[in-house]
Amino acid sequence: MKHVERIFDELGHFKRFQACLYFAAVFQTIACGVHYLASVFLVETPKFLCASPGNITGALYGNHSGTVLEDIWPHYTPGNGPVVVQNSIGEQWELSQCRRALRINSMGFDYQFDGNKTVYSCAGNFFFDRSGVQESIVTDWGLVCEREWLAKLCQPVFMMGVLVGAVIFGDVADRVGRRPILMLTSLCQFVFGVSVGLTGNYYAFMILRFLLAMVSSGYLVVVFVYVTEFTGIKVRVWTSMHVHACFAVGVMVVALVGYLVRVWWVYQIVLSLSTAPFLLFCWKFPETPFYLLTKGRYREAQDLLDSIARFNGLPATLTVADLVDAKQDGLLVKDPELSEEKPEKKFSILDLFCSWSMACRTLIVWSVWFIGSLGYYVFSLGSVNLGGNQYINLFLAGAVELPSYVIACLAMERVGRKKTCSPSLLLGGVVCMLIIFVPKDMEVLVIILSMTGKFAVAIAFGLIYLYTCELYPTIIRSLAVGSGSMMCRVGSVVAPFCVYLVDIWIYLPQLIVGVLAFAVGVLTLWLPETLGQPLTNTLEEAAALGSALKQADAAPREKVELQPGGRPEANGDPAKV
């Protein structure tokens, strides 16, 4: 099945049919970006203090005073002393975040007090500053102090769901097809997303978020394969990378909705409604021609080819017989009924290691997925120290990703996948290691280097999806992307723990990312280049990809004849040059 890419030469690399299908498919990717980052505001912890018994009639904090606690919030800084309040029965309480103290025999209402105090626990009662966030799961369920770890568990559990979903749905998509998985995960995103907003229990919330993470990850993994198998070589770089751009748009949507809606369950439902329009037309999605041909479903493949041709305003002259190797496929094209009964081999993750060359390729690809995710989230989590408006910061965090994808597209088309991925990782590694030599008082230079490192790692992180699709054959392509996404999620789970190492040394997280990025950048040089090459369909074709390219590069240098016009021309098969 060596001529499947002829589909795009005959029917267009990105004509009307592919364009409509592409934009419909990537629209749902916005919802994936939304759910991945939604926890930023779902678990937001505003300023809080222990609640005092009775109604407050006065409040003091340093030199600031007020009749209600809301007068004190703008001046209160956690950790810089308690807030003193007086209630309606004359009691004076010193309120801190996780304890409260009752003043004994207090005479005047002053901030300073040298008398005896009786310390009490908060008993689950807290005052929250609702000037910013009116309600979050933290304020509704009291996830502070000794219950703070429950709030911090929200994002790691979500990422574990992403990891599981990437493996499960990537494998299932190779078995049952891309279309059923896209439809299932889209429907489940809507159902689970709305259900998360309607739950009133923390543990039900966590379970539903885990399931939501699984289906969101499943859609994201399969949609990359789907759009790759529907677009030709001429536009495949741009179409693949712009899936990332839609994910970044989802991040910006989170910031916008978070700014407009300050109640967590309303916020969650509004975000989930972004999936609803997609459900109206996702059932019209066709299966990819690559998958149909690989599974021997030639009648469906022929119908799809005819539909693409008619929609693109072209004559329906392309046949399945033009795309398959008759000897290899046993002339099954002549009898579609029999071809559908052809027994299928079941593939598993072990097929990613079917030979030494494929095993090395898989380990290197997994390393790129891991360091791309680790570096991305280490830099992202570190950006919260920039200060300013948190909604603007998050919006910009999504917006700054867009230039990196444009540059990645241009570089991938001109110098190739490998020659873009490896230098970007090497640059990111060098920049991260340079940060440790910058004096602490040169904050501007530290920010510039940090953003440069994130920019470089984002390029590698963005292109590895397409590169993985091109490095593996159709029969295990979704599985390869799914397993790579699994390693990506391992990196995202490890990233918060890496950031915690600032307690040991402030630059230790950057040093770890820098060393790993540089090492992986060197290893990436051993991967085969896939620029301008058709997608492979069998394990044999994929395994021979590197050696085939070397032979193609060597052929023109071995035999070159000077033509009458003075132009050198390779002596051999032009298709291999």
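The backbone N, Cα and C atoms fix where each Cβ goes, and this holds for glycine too.
The domain 'Major facilitator superfamily (MFS) profile' feature in TrEMBL is assigned to 100-531. What TrEMBL records for 554-577 is region 'Disordered'. The transmembrane segment annotation in TrEMBL covers 21-43, 149-169, 181-200, 206-227, 239-259, 265-283, 352-379, 391-411, 423-439, 445-467, 479-502, 508-527.
Remote same-chain partners of the transmembrane segment (445-467), defined as residues 6 or more beyond its termini with a Cβ less than 8 Å from a stretch Cβ, comprise 224, 228, 236-237, 240-241, 243-244, 365, 368-369, 371-373, 375-376, 379-380, 382-383, 386, 400-401, 403-405, 407-408, 411-412, 417-418, 420-421, 424-425, 427-428, 431-432, 434-435, 438, 481, 484, 510, 513-514, 517, 521, 527, 530. Contact check: the transmembrane segment (206-227) against the transmembrane segment (479-502) gives at least three Cβ pairs closer than 8 Å, residues 6 or more apart, which meets the contact criterion. Taking pairs at least six residues apart, the transmembrane segment (265-283) and the transmembrane segment (149-169) share fewer than three Cβ pairs below 8 Å and do not count as touching. Summed and averaged per residue, pLDDT over the domain 'Major facilitator superfamily (MFS) profile' (100-531) gives 81. Outside the transmembrane segment (479-502) by six or more residues, the chain places 155-156, 159-160, 162-163, 166-171, 173-174, 217, 220-221, 224-225, 347-349, 351-352, 362, 365-367, 369-374, 376-378, 381-382, 464-465, 468-469, 471-472, 508-509, 512-513 with a CB less than 8 A from a CB of the stretch.
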